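Participant: The following block contains the structure, expressed as structure tokens.
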Amino acid sequence: MHPLVILVVGIVTIIGLIVVFRVHAFVALISSAFVVGLLATTLPASETGPATMRLGNAVSTVAIEFGNATGKFGIVIALASIIGTCMMESGAADRIVRALLRCLGERRAPAALTASGYILAIPVFFDTVFYLLVPLARSLYQRTQRRYLLSIMAIAAGGAITHTLVPPTPGPLVIAAQLQVDLGVMILMGILVAVPAAAVGLLFSAWVDRRMPVPMREVPGLKVMESLPEERLPPLLLSLLPILLPVLLISANTAVEAGMKQSTSNVQLEYIQPVFQLLGDPNFALFLAMIIAVAIYRKQKRATREQTLGMVETSLLSAGVIILITAAGGAFGAMLKAAQIGPAIEAHFAQLGGGGLAYLFLGFGISMVLKIAQGSSTVAMITTASMLGAMLTSPTSLGCHPVYLALAIGSGSLVGSWMNDSGFWIFAKMGGLTEVETLRSWTPLLAVLGCTGMIVTLILATLFPLVSIPS
């Protein structure tokens, strides 16, 4: 069977199971991986063996690739989940938000909320960040009686953009791995692209708020987190440390490795490179950050050993589902690669006259279509990266560093959020908005974020292709 036909069958399997049969994303991705493996004739003993042998071979290959993907992503996602929970429970997240509000003042409170969402969504899942910050938006409205919609849209603008562009959140983490992009490069470029996108999102939120004023309504079941006095919160620098430390260590390792490849005779870099290689390993960097976050949690909460273990267990339960989905996506990507999907896409795209930066539009468009079809940004990113990662795209064929393709895919996964997206309902229910109000605020906001991210990515890829930077 032609590889592109296998690709279509695989994607239809995912979308059909999720949208039509309401199957969990993990089951849909694994099922699609089995289907692709069964149809592929490039796996060992697949071309001539009977169907049962082909299926058995596909199942064993999927299991192996699932384990490989878990090894790549599992520890990082689990540690990031613990860090995020510790920051929420210890008051570290609250300290960061209060510092930003104090720094920018009440007049610029929406900008402070955007910055808070931007920072906190790097280690913390978006829904948790939104849950933390919505009470602040409600408190601001009670004092000013205006700009409620702007406040909650500002939170969404900051949180959504880093959630889809900056590791260690699952989507960008998987994209970086599938496209063989160094994690440090992905973090730095994701942060860089997310800044102007969040700023444009904030301006758009203000524009929508002026044309569609929405009053604050009561939200049944919404629990407001206890507001701790200042003296019970950890210091600001200590609160930021679990976020900044892994970013700095991973980025430093990336810089040292780039220096080593460009200068083979640098004795000083050769001496310190093993140290940075250890400290900058994503698993170890997140492990150090997790130790610090847990220490802050225990100190601030005066938590017992049993309470700490309970907190860690709760964090790992939420991380487990994400690990399963990302690992299933990794297995699906490996099966696409084994089915020779990449060369088929590349050859077909070349026949149509596509190449260079056009690959960025391809990644953006595929991710956007998958987002609209099945609702999940993470699944859209994983599936798109699996398809295009199978091409083993090099900077030579792209005309730029593969990180730009990763950012284009992440940006595309924001466009087209509507009622099949869990984020849509989190924004609507926690914000106290109707479905129509959400469609007129949340949906266009995410489209603006995604399109702005794509535009910034294209500009950077054109001006600074970074072809010489190792991926």
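Keep in mind that glycine also has a Cβ here, set from the backbone N, Cα and C atoms.
Straight from TrEMBL, here's the annotation block:
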TRANSMEM  7-40  transmembrane segment
TRANSMEM  115-136  transmembrane segment
TRANSMEM  148-166  transmembrane segment
TRANSMEM  186-208  transmembrane segment
TRANSMEM  233-255  transmembrane segment
TRANSMEM  275-296  transmembrane segment
TRANSMEM  316-336  transmembrane segment
TRANSMEM  348-370  transmembrane segment
TRANSMEM  377-397  transmembrane segment
TRANSMEM  403-421  transmembrane segment
TRANSMEM  442-467  transmembrane segment
Participant: Would the transmembrane segment (403-421) count as touching the transmembrane segment (233-255), i.e. at least 3 C-beta pairs under 8 angstroms with sequence separation of 6+?
Facilitator: no
Participant: With Cβ-Cβ distances below 8 Å as the criterion, list the same-chain residues six or more beyond the ends of the transmembrane segment (316-336) that contact it, or say none.
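Facilitator: Distant Cβ neighbours of the transmembrane segment (316-336) are 7, 10, 14, 25-26, 29-30, 32-33, 36-37, 40, 58, 61-63, 65-70, 72-74, 77-78, 80-82, 125, 170, 173-174, 177-178, 342, 378-379, 382-383, 385-387, 389-390.
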Participant: Okay, the transmembrane segment (348-370) and the transmembrane segment (442-467): do they have at least three CB pairs under 8 Å, pairs separated by 6 or more?
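Facilitator: Between the transmembrane segment (348-370) and the transmembrane segment (442-467), which are separate recorded stretches, there is contact, as judged by 3 or more close Cβ pairs.
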Participant: Hey, which bits of the same chain come close to the transmembrane segment (403-421), Cβ under 8 Å, at least six residues off its ends?
Facilitator: 19, 160-161, 164-165, 171-172, 175-176, 179, 181, 185-186, 189-190, 193, 197, 359-361, 363-372, 374-378, 380-381, 384-385, 388, 393, 435, 439, 442-443, 446-447, 449-454, 457-458, 460-461, 466, 471
Participant: Checking distant contacts: for the transmembrane segment (275-296), what same-chain residues at least six beyond its ends satisfy Cβ-Cβ under 8 A?
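Facilitator: Cβ under 8 Å, 6 or more out: 75-76, 79-80, 82-83, 86-87, 90, 92, 123, 167-168, 183-184, 234, 238-239, 241-243, 245-246, 249-254, 256-257, 308, 312.
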